[in-house]
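Here's the structure we're looking at; comments come further down.
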């Protein structure tokens with residue numbers, strides 16, 4: 001592979017400083033003894049990350065005067081807390097990641113059961129596409145919230161969104177309400193995960209950051225074994241609903257203390273005079289209007305609508321609600337395509353603040369990393385969307401064993417991420433490892449899955465492919481995050497991570513759509529071609545019923561052989577698409593700058 005009273009009283013938002021410009025403190029901002037120094041001509045030509053490093057060298061014990069409010073708050077906290085407090089905070093961040101990983105692992109195991117119970121198994125792609133697009137696009141406003149309001153405030157907001165999503169999932173009574181709850185749940189999950197990543201970036205030096213990011217993901221190693229067992233227990237002892245309901249109670253209690261820690265040290269810095277909060281001078285109504293423009297709500301809506309209307313029809317086709325030749329399918333795709341032009345026009349001529357920071361995105365390292373993220377997630381979800389069902393049916397596994405199969409990537413990538421993080425700390429570079437090790441392993445793993453994907457092949461070969469993909473993914477995910485963070489200043493880190501999140505989500509959504517289209521056009525035909533004549537009338541119920549219906553046919557029977565054959569054919573085309581798209585990763589990584597990570601990016605007590 002994971003958020004209040006700011007409206008009336010905060011500094012006016014300072015526009016992000018484009019590369020090549022000189023940052024200036026807003027009028028009336030208290031300055032330290034050195035802030036009167038005027039930058040020389042060379043300073044104006046420094047890169048964004050170089051100017052940030054110079055600011056840290058000149059004012060290491062002061063809050064950055066011209067930074068956004070959220071950045072000032074986290075700098076103030078970092079300047080006053082002790083090393084013990086940092087380590088204790090990291091321990092609690094690890095606990096938060098553990099609970100997120102556990103809940104996510106359980107959800108991944110019970111979601112197929114829920115949709116099969118609704119007799120709507122193919123509709124699983126609808127919920128995934130919606131949540132991936134909406135959650136991905138909203139990452140950019142979330143990054144702005146973190147800079148404009150503060151990390152703790154944003155964290156509490158999205159803990160609330162996440163909890164509401166869990167409650168809806170626990171109480172839903174059909175695929176439509178499940179999809180609505182799943183979207184809210186995934187928005188909250190993605191936002192919390194992003195904010196925890198930003199917490200880690202805020203409290204670690206750049207040289208150690210690859211390791212700290214990887215270490216923060218190690219809970220997925222633990223939950224790889226516990227989540228399938230927990231999910232199996234929920235399904236056996238209660239229902240899948242309690243798999244969500246229990247965490248609707250647990251998660252707010254576990255997550256909220258982290259926000260309290262950051263607020264406590266922020267208030268301590270205020271008492272010490274390191275950070276002074278300036279009133280904005282706006283009324284409540286003016287603040288609402290200000291944030292509507294600052295977050296570019298209209299731009300966000302246009303971009304979400306464009307992607308949803310372009311990709312969702314492929315999911316609807318997979319469950320029979322819209323054929324490719326139908327007017328509804330064609331209209332949605334055309335309107336979605338046209339909305340991209342509407343978004344471009346809005347951004348160019350009407351938006352006061354652009355939804356996307358194009359100055360950052362035009363940097364070759366940032367653009368290359370974003371393309372790599374989209375490519376990686378597209379490739380992964382081309383075969384992963386129905387991988388749970390495939391393993392359950394073709395290899396006749398129970399819920400726990402299937403859960404272990406689907407967790408191989410999490411275990412392998414998180415383990416290898418720690419090794420890669422230590423490698424980056426030692427060598428101080430990451431580009432060539434991604435290009436000559438991580439990407440080839442991904443291509444090898446996806447390519448071998450083209451062959452090893454049916455009942456005639458031992459499951460051990462599938463596990464081997466998953467390990468290759470896991471080690472490649474563990475390298476590339478950390479590498480692309482390091483690439484964008486190394487090219488940014490501290491204030492740009494949330495936005496950079498949001499870019500990676502946005503492109504990952506959009507790539508994943510396209511992968512979901514491709515997987516759904518392959519499943520729709522391959523599985524039913526392959527199934528019907530192999531079913532005995534007396535069972536052909538059951539083809540639709542077998543297709544719609546998912547693995548719960550398909551497993552009722554005994555292994556070795558003609559019907560089960562036909563089902564297994566259909567799964568093998570469907571997975572083959574998904575693996576072909578996954579392998580082909582990874583070729584784009586070669587130029588995407590090649591354009592990265594070969595950054596040396598042995599430099600300062602943050603102020604205060606760090607790891």
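Just so it is clear, glycine is given a Cβ too, placed from its N, Cα and C backbone atoms.
Between the stretches 24-44, 45-65, 108-128, 129-149, Swiss-Prot puts its transmembrane segment entry on 129-149. According to Swiss-Prot, the feature transmembrane segment maps to residues 297-317, out of the candidate ranges 3-23, 276-296, 297-317. When the ranges 459-479, 522-542 are checked against Swiss-Prot, the one recorded as transmembrane segment is 459-479. Distant neighbours of the transmembrane segment (326-346): 298-299, 302-303, 305-313, 316-317; these residues of the same chain sit at least 6 beyond its ends, with a Cβ under 8 Å from one of its Cβ atoms. Under 8 Å from some Cβ of the transmembrane segment (404-424) lie the Cβ atoms of residues 1, 101, 105, 108-109, 207, 210-215, 217-218, 220-221, 223-225, 227-228, 380, 387-388, 391, 395, 397, 430, 433, 459, 462-463, 466-467, 469-471, 473-475, 477-479, 482, 597, all in the same chain and six or more residues away from its ends. Proximity of the transmembrane segment (210-230) to the transmembrane segment (180-200) is established through 3 or more Cβ-Cβ distances under 8 Å for residue pairs spaced 6 or more apart. If one looks beyond the transmembrane segment (459-479) by at least 6 residues along the same chain, the residues whose Cβ comes under 8 Å of a Cβ in the stretch are 1, 210, 213-214, 372, 376, 380, 391, 395, 405, 408-417, 420-421, 424, 430-431, 433-434, 437-446, 448-449, 452-453, 585, 589. Shown in sequence order, 531, 559 are the residues of the chain, 6+ apart in sequence, with a C-beta less than 8 angstroms from the C-beta of residue 538 (N-linked glycosylation site).
Counted over residue pairs 6 or more apart, the CB atoms of the transmembrane segment (573-593) and the transmembrane segment (86-106) come under 8 Å in fewer than three pairs, which marks the two as apart. Here the transmembrane segment (129-149) touches the transmembrane segment (499-519). Their Cβ atoms form 3 or more pairs under 8 Å, with each pair 6 or more residues apart.
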